[in-house]
């Protein structure tokens, strides 16, 4: 009798498992079913289990249940890999000539910083690069094609920085180009990656792209009148990492940015130039910043940028971070003493055909 009860219990258990499998094989409404190949593999495994049960097998039938999952897994593995989805087509075809790169500097850094940029990334992109400084330098004009003396103060003050940004904005509008990109004199710009990024967005739409340096919106006080203040908060892309603005958006900024308006707008919130850009775009115009981790400033730990990903970055930087030297961590033909910024090593990685780059170097 015990043997008969055990047989009934076993058959009941196998029958329940079979029913569960049938339920699993039925595609619920609103959910995608198995791929054709997977469904075929699952069906074959299920048929094997059904055949074993029909043949009156007991314990072997239980092994068939486990075998079903093995067969289903094999069916999944044997399916050809799905082809990678095609890359998103560019919104429009642009060339470096469509981009206006403004490099903000000061006369005391013409040799210490600008010479490095002129030897590296600017050397291949002179027509699209415009250097905004605060003093005359005939030697610099011989090396760079577009040098603009803003006649702004050389001080690193809110007013001086906003003065230069105002000139940058006006010169961009005059240029008729599609994209305005601002960087500092301690940035390396990978122009190929920059152009590829910008081509993903129509320049006629409202595009503001860069990286914030804060983990929350900045809070400021907007001066409405002599005695009335209004709190505002907004995101802004830090100028130290670089940022880009489409022409469509730049034109909308005109009432608050063109002519002398940019400086008066900056005074209204009493914040520096990059914050003022964010204020106009996010707080006044209601356009959101598009964050991109491809922009980098010296305010972040640059050692965390993988060497294998350097060619994908838009901007890099160097400086000090937590009282330590902060630059891209990579090997190259130049020692850290010879190339403390690592910009020369990065440039040779991206452009090994550069005449001064050593050949046969593993980066």
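Note: Cβ is positioned from N, Cα and C throughout, glycine not excepted.
Now, the feature entries from Swiss-Prot:
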type	residues	note
ACT_SITE	274	active site
DISULFID	152-163	disulfide bond
DISULFID	181-244	disulfide bond
DISULFID	348-357	disulfide bond
CARBOHYD	151	N-linked glycosylation site
TOPO_DOM	1-8	topological domain 'Cytoplasmic'
TOPO_DOM	30-363	topological domain 'Lumenal'
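Projection of Swiss-Prot feature records onto the structure.
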residue	record	Cβ contacts under 8 Å, 6 or more apart
151	N-linked glycosylation site	134
152	disulfide bond	134, 160, 163, 164, 167
181	disulfide bond	99, 100, 101, 102, 189, 194, 242, 243, 244, 245
274	active site	165, 182, 236, 237, 238, 239, 240, 243
348	disulfide bond	332, 333, 354, 357, 358, 361, 363
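For the disulfide-bonded residues 163, 244, 357, the ranking by surrounding Cβ atoms (within 10 Å, all protein chains) places 244 first. In the three-state DSSP reading, residue 181 (disulfide bond) counts as strand. Mean model confidence of the topological domain 'Cytoplasmic' (1-8) amounts to 50 (pLDDT, 0 to 100 scale).
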